[in-house]
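Reading through the structure tokens given below for one structure.
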Amino acid sequence: MLALVTDMDADFKAQLDQERTKVEDAFDFLGCKVGRGTYGHVYKAKKKDGNDTRDYALKQIEGAGLSTSACREISLLRELKHVNVITLQRVFLSHADRRVYLLFDFAEHDLWHIIKFHRSAKQNKKTVVCARGMVKSLLYQILAGIHYLHSNWILHRDLKPANILVMGDGVERGRVKIADMGFARLFNSPLKPMADLDPVVVTFWYRAPELLLGARHYTKAIDIWAIGCIFAELLTYEPIFHCKQEDIKTSTPYHHDQLDRIFSVMSFPADKEWEDMKKMPEYGRLSKEFKKSNYTNYSLSKYMDRHSIRSDSRPFQLLTRLLTIDPTKRLSALDAMNDYYFKDDPRPTDDVFDNVPIPYPKREFITEDDSSDAGTRVAKTEPTIMAKTEASSVVLTQQQQQQQQQQQSHVSHNQQQMTGQQQQQQQQSNMHIKQQPQQHNNIVQQTHPQQMKLMQQHQSNMNVQGQPPDKKLRVTGGFTGGDPSNYDYQRNANQQQQQQQQQQMYQQQQQRF
């Protein structure tokens, strides 16, 4: 019976595999990576059947299997239907490699690239500005999408320019799409404090001050603060609260440099501006590390005035309401949509480009081996530069090898010179030693002819039979019973030892006579 059930299960699984559409059979996307989200990679894909010519985005969930975060994102996206929130078209499960793919409509642009485009133009002193109507339309559609999420008790918790997509040419041209719901959470009646679910949320530069002070129960006001940061960046082309991020992966919410940057723009909040600040978990640490007197000369109006945004203008007045330091007094998304800023001309439009040709470049493909956690983008047009870098490193390595060879040859030449000098000194020493016994032998031969005959006989017995003459000269200390080829005649230590033995022998001979 068990074998029968096993066979039925195998047949059923085989039938499911045949009926299930595989993502690689339905779409072409390999080698077309265009981004990296919170929990995976994003590819530009096209259907293989040819009837549908639209571009799609395939998000490959990071890791094997279906994680809790992926399940949460999928469950939220399946329920969300709004023109300013990215729409989940389909989910693909690959049983071969245990991969999960989410299918979306493809967005050609995002705010990160749009702001970067204008910032580069500003640095190069080119007159390429983001039109006032476009900034207004972008902000209005972001607020509309967030209002929809908040109305359904959902916090996004990771709003930043890279997660605000803008559709390119097509049916939804110029439409804003809020993407990357990997950090999104329900907040209507949580069983645990929000901080217990995820202690650190929102990228540092867009993180609300209550999060930086360790708030355990935070609200939708954290998304409004992030929108205010994005709005300021659209107006100035610079992140308003940028700071050093050496400890960006820290698990603690408190961040001294980020708070210092906020106070350097907004000024240190007075007690009446944020009465509950003293109740924050990290307030004790804040009061020890910061002094109010250090930030008295800072204000948001001064900062924006340096970027040609007057304090009496509509954009500035809305910005101050979005960046209110007290989260309980911060503007809601719906109230922001009803601000006078959007009632003045030019009015917000569904197409943020307002039927004007899109000046921004299309997305570039990035390499498959990109493993950066921060989403560092390496364009496919850059392998030439990378190849040049690799080639230069190869040339540098070759130069280093040549220098090393030259150094080695120089050292070898010096060693050869030293060896030659040592050999010359040794030869002179040997000649001296040879002359010394010769003189001694002449004296002995004149005074003691019989003893001289015995010495000559002893020396002939010491010579090695068949040994070359040069070795006979060098082995002046006599043969010790080993193979002569085992001797290292170039070692100074052995030579000195042999010389000492020779001198001792001749001294003993002199003492005998």
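Glycine residues also receive a Cβ, built from the backbone N, Cα and C atoms like all the rest.
Per TrEMBL, domain 'Protein kinase' is recorded for 28-342. Positions annotated as ATP binding site by TrEMBL: Lys59. Here TrEMBL flags 363-385, 404-513 as region 'Disordered'. Among the features that TrEMBL reports, compositional bias 'Low complexity' is placed at 404-428, 435-446, 495-513. The compositional bias 'Polar residues' annotation in TrEMBL covers 447-466.
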Check your understanding: Other than its own, how many Cβ atoms are within 10 Å of the Cβ belonging to Lys59 (ATP binding site)?
Key -> 26
Check your understanding: For the residue listed as 'ATP binding site', what is the secondary structure by DSSP, using just helix, strand and coil?
Key -> strand
Check your understanding: So what pLDDT does the domain 'Protein kinase' (28-342) average out to?
Key -> 90
